Amino acid sequence: MQREEGFNTKMADGPDEYDTEAGCVPLLHPESLVYGQRVQNSQKSPGSAHTPQEQEDASFSHQEIKSQSHYNHGYGESLGRKTHIDDYSTWDIVKATQYGIYERCRELVEAGYDVRQPDKENVTLLHWAAINNRIDLVKYYISKGAIVDQLGGDLNSTPLHWATRQGHLSMVVQLMKYGADPSLIDGEGCSCIHLAAQFGHTSIVAYLIAKGQDVDMMDQNGMTPLMWAAYRTHSVDPTRLLLTFNVSVNLGDKYHKNTALHWAVLAGNTTVISLLLEAGANVDAQNIKGESALDLAKQRKNVWMINHLQEARQAKGYDNPSFLRKLKADKEFRQKVMLGTPFLVIWLVGFIADLNIDSWLIKGLMYGGVWATVQFLSKSFFDHSMHSALPLGIYLATKFWMYVTWFFWFWNDLNFLFIHLPFLANSVALFYNFGKSWKSDPGIIKATEEQKKKTIVELAETGSLDLSIFCSTCLIRKPVRSKHCGVCNRCIAKFDHHCPWVGNCVGAGNHRYFMGYLFFLLFMICWMIYGCISYWGLHCETTYTKDGFWTYITQIATCSPWMFWMFLNSIFHFMWVAVLLMCQMYQISCLGITTNERMNARRYKHFKVTTTSIESPFKLCLLAKELPIKEEFYKKNYIGHRNERNADLNNFKI
C-alpha cells in the first residue's frame with residue numbers, strides 16, 4: 001500500500017547532505033526515518049482518513065494536531081471530547097475505538113466482530129486503541145482474544161510501537177502487563193526504546209530500561225537510543241537519563257560508524273554535545289570516512305561546536321597546546337585560580353592604599369594594573385563554575401586577611417583573657433561548623449541501580465511517573481521537602497538552598513552546622529569591628545567630637561588604609577550574615593519551612609499560600625518530634641525504598 005506523499009522519500013532520491021558529511025551511505029539513513037514528519041497532502045493509507053479531531057474541527061491547524069505518520073493514523077490529542085454528533089449507533093468499530101466509545105465497541109464485538117481482524121489498511125482494533133490511549137478498550141479487546149503483539153500498518157509494527165511513538169506511558173505499561181514485547185522491531189528496524197528516544201519520551205525510555213531493555217540496544221541500522229536522542233531530541237532528556245544509566249557513549253553505528261557525538265554535531269544539538277563531552281565522549285573517534293566530530297563541526301562552520309570540541313581535545317592533551325592553553329584546559333587549575341583570585345585582589349587593594357606614596361596618580365595606575373590582571377584571569381580561567389567558586393574564594397580570602405590583621409595588628413593592643421581567648425574559642429567553633437557545612441554530606445539521596453529501576457517501575461505502574469515526585473537526573477522518587485540542586489546535580493533531602501559562601505548545598509545533613517557557622521561567623525565579625533575601632537583609638541589622632549563624622553572617617557582612612565579596608569569588608573559581611581541568620585531563624589522557628597519552600601510555596605500542594613502568609617504542615621516539627629501531617633500524605637511522599645538513605649522523613653529535621 002502506498003505511503004503518505006512526501007514520506008520516507010530520501011532513500012529513493014539518493015544520499016542527502018548528511019550522507020555526504022558523514023562519509024558513508026547507510027542502508028537506512030536516520031534522516032530518512034522521519035517518524036514525526038507531518039503529513040501534507042497525504043493520500044489515504046492505513047488509517048489516514050481524517051482523524052476524529054479533524055472531523056470535529058476542520059479549522060484546527062497542523063500545529064494544533066499531533067504530528068502524524070504511519071504510527072498515528074487517526075490520532076488527535078483531544079479525541080476524548082464529544083463532537084456535535086451524539087448518535088454513536090451508526091459508527092463502525094474503528095471510529096468508535098478511536099473515540100473510545102466503549103459501549104458501541106462492546107455492542108459490535110458481542111454481535112460477532114472478530115477483534116483480531118485487521119481493517120482494509122491492515123490495522124487492528126488494538127492498534128487504534130493503543131495510539132488513542134483507550135486503556136479500557138485495550139483490556140476488553142485482549143479479553144476477547146486480541147493478539148497483543150499483532151503486526152499491522154505500513155511498517156508491520158505492534159500496538160506497543162504505536163503507543164510508544166505517541167508517548168502514552170500508561171498504555172505502554174498496560175500493554176507490557178499483557179505481555180507485549182518491547183524488543184520487537186518495526187518495518188524500519190526500530191524497537192520501542194529507539195522510538196521513545198527519538199521523540200523525547202523520557203518516561204517511556206526510563207520504564208523500558210527499568211523493565212530490562214538494553215540501554216545500548218542497536219536497531220537494524222546500528223543506531224542506539226543515545227544516538228537517536230543525540231540526533232533527534234534537542235533537550236537534556238532523554239540523553240541525560242541514558243547517561244545516568246551508564247550508556248556507552250563511544251559506540252559507533254553499523255553503517256556510518258558515527259558515535260553519538262557525531263550525530264549530535266550533525267544535528268547541531270549543542271545541548272547534547274555538552275552532555276556528551278561532560279560524560280567523556282571520545283572527541284577523536286572517527287567514522288568510516290575517517291572524520292571526527294570536530295571535522296564535521298568545521299564542515300558545518302559552527303563556531304560554538306568547533307570551540308567546545310577543540311577545548312575538549314586540549315583538556316585531554318591533544319593538539320600540542322601551548323603552556324597557557326594547557327593551563328586553561330586544566331579544570332583543577334581553573335578552580336584554583338577562581339578560588340585564589342580574591343586572596344590576591346583583597347591584599348593588593350589594601351596594600352596599594354597603605355603604601356607611603358603621596359601621588360594618587362601612581363596608586364591609580366597600580367589599581368589599573370590590578371584591574372587588568374583580574375580581567376586577564378577572568379577571561380582566561382573563569383568558567384561556568386565561577387558563580388559557586390568565587391563567593392567561596394571571597395569568603396576564605398576575607399577571613400584569611402582578617403585573621404592576619406588580628407594577629408599582626410591587634411594582638412599586642414587587646415586584653416588576652418577578655419578579648420583574645422573568647423575570640424580564639426569562637427574561631428574554633430567557626431572553623432568546625434564551616435568545615436562541616438562545606439565538606440559534609442548535605443543529605444544526598446542515594447539509591448542503587450536496582451532501586452532506581454524498581455522506583456521507576458512502581459511509579460510508572462501507579463501513574464505517578466512525573467517530575468513533581470520523580471527526579472529524571474538521579475532516577476529516584478523524591479521525598480517530601482527534597483529538591484534536585486542544579487549546581488551540585490544531586491537530590492538533597494530537606495533542601496534549603498545552595499550556599500555559594502560554603503560551596504555546598506544546605507540540607508538535612510548539614511543545616512544545623514550551617515546555622516552554627518552563621519552564628520559564630522557573626523560574632524567573629526563583631527570582634528573584628530571592635531578590633532578596628534580599638535586600633536583607631538590607640539594609634540590614630542581623631543577629632544570626632546570637634547569636626548564630626550565625615551572628618552573622622554577621613555582621619556581613620558588616612559591613618560591606616562589597610563585597617564579601614566578590613567573594616568569595610570567586616571561591615572559588608574556583617575550585613576549579609578546578620579540578615580541570613582535572622583531569616584533562617586524566622587523560617588525555622590516561626591514558619592517551619594525551608595528557604596526553597598518559602599520561595600516556591602505556590603508550587604507545592606501541601607502549603608496553603610495567601611497574600612499575607614504561608615501555612616506549613618511542618619510548622620510544629622521542632623516541638624512535636626514528628627511531622628504533623630496525615631498518614632496518607634506521608635505515604636505519598638516517601639522515597640520508596642526503606643534501605644535508601646533518609647527514607648524516614650523524621651531524619652530530615654534540623
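The chain as shown is numbered from 1 upward.
Glycine is no exception: its Cβ is also placed from the backbone N, Cα and C atoms.
TrEMBL has this to say about the protein:
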REGION    1-23  region 'Disordered'
REGION    35-76  region 'Disordered'
COMPBIAS  38-71  compositional bias 'Polar residues'
REPEAT    121-153  repeat 'ANK'
REPEAT    155-187  repeat 'ANK'
REPEAT    188-220  repeat 'ANK'
REPEAT    221-254  repeat 'ANK'
REPEAT    256-288  repeat 'ANK'
TRANSMEM  337-353  transmembrane segment
TRANSMEM  359-377  transmembrane segment
TRANSMEM  389-411  transmembrane segment
TRANSMEM  417-435  transmembrane segment
DOMAIN    470-601  domain 'Palmitoyltransferase DHHC'
TRANSMEM  517-538  transmembrane segment
TRANSMEM  571-593  transmembrane segment
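Residues 363, 366-367, 370, 373-374, 377-378, 381-383, 385-386, 389-390, 392-394, 396-398, 400-401, 561-562, 564-566, 569 of the same chain lie 6+ residues outside the transmembrane segment (337-353) yet bring a C-beta within less than 8 angstroms of a C-beta in it.
Same-chain residues lying 6 or more positions outside the repeat 'ANK' (188-220) and placing a CB less than 8 Å from one of its CB atoms are 27-28, 33, 35-36, 71, 155, 160-161, 164-165, 167, 169, 172-173, 176, 182, 226, 228-229, 232-233, 235, 237-238, 241-242, 245-248, 251, 253-254, 452-454, 456-457, 460, 465-466, 472, 475. Residues 26-28, 30, 189, 193-194, 196-202, 205-206, 209, 215, 260-261, 263-264, 266-267, 269, 271-272, 275-276, 279-282, 285, 287, 449, 472-475 of the same chain lie 6 or more positions beyond the ends of the repeat 'ANK' (221-254) yet place their CB under 8 Å from a CB of it.
Helix, strand and coil content of the repeat 'ANK' (221-254), in residues and according to DSSP, is 14 helix, 0 strand, 20 coil. Non-local neighbours of the transmembrane segment (571-593) in the same chain are 395, 398, 514-515, 518-519, 521-522, 525-526, 529, 601, 607, 614, 616, 618-622, 654; each lies 6+ residues outside the stretch with a CB under 8 Å from one of its CB atoms. Summed and averaged per residue, pLDDT over the repeat 'ANK' (221-254) gives 94.
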